[in-house]
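Annotated features, as they stand in TrEMBL:
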- 1-107: domain 'MARVEL' (DOMAIN)
- 20-39: transmembrane segment (TRANSMEM)
- 51-75: transmembrane segment (TRANSMEM)
- 81-103: transmembrane segment (TRANSMEM)
Amino acid sequence: LMALATFICFVASRSHEAYTALAVIEVVITLLFFLLYLLKLDKKMKWLFWPLADIFNSVIAAVFLLIVCLFAIIIKTNYGTLVGGVLGLVLLVLCIVDAVVLFRKISLSGPRERNYPTR
């Protein structure tokens with residue numbers, strides 16, 4: 001929701017296209033991960049370790065959000081761009097929290113859960 005609010009602020013203020021594009025990409029990727037976990041497709045597509053992909057997404061999004069939102073705040077063309085930049089920084093914090101929580105939750109060296117009963 002925070003990415004959507006950031007997108008709406010950037011669109012309403014007619015900000016630079018880079019600000020809007022980053023917000024749109026983050027909304028789309030977040031929706032795709034939400035649908036992936038909601039429909040339990042991560043259990044069916046085992047060829048990729050999805051929590052790790054989610055962590056990489058959060059870290060990369062945080063880096064891009066830091067750069068773009070700082071530019072939006074520094075070069076504020078209007079108040080919509082400023083609000084969008086601030087909301088983007090809040091989204092940056094949420095991405096970092098998401099990455100840390102997921103990283104603590106997964107176990108890279110431990111045993112994986114089994115889909116079949118053991119005998």
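Note that Cβ sites are derived from N, Cα and C of the backbone, with glycine treated the same way.
Long-range contacts of the transmembrane segment (81-103) within its own chain (CB-CB distance under 8 A, at least 6 residues past either end) are made by residues 2-3, 5-6, 9-10, 13, 15, 19, 22-23, 26, 51, 54-55, 58-59, 61-62, 65-66, 68-73, 75. Residues of the same chain lying 6 or more positions beyond the ends of the transmembrane segment (20-39) and with a Cβ under 8 Å from any Cβ of it are 3-4, 6-7, 10-11, 50, 54, 57, 61, 64-65, 68, 84, 88, 91.
When the domain 'MARVEL' (1-107) is classified with DSSP, helix, strand and coil residues number 89 helix, 0 strand, 18 coil. Within the model, the domain 'MARVEL' (1-107) shows a mean pLDDT value of 80, rounded to a whole number.
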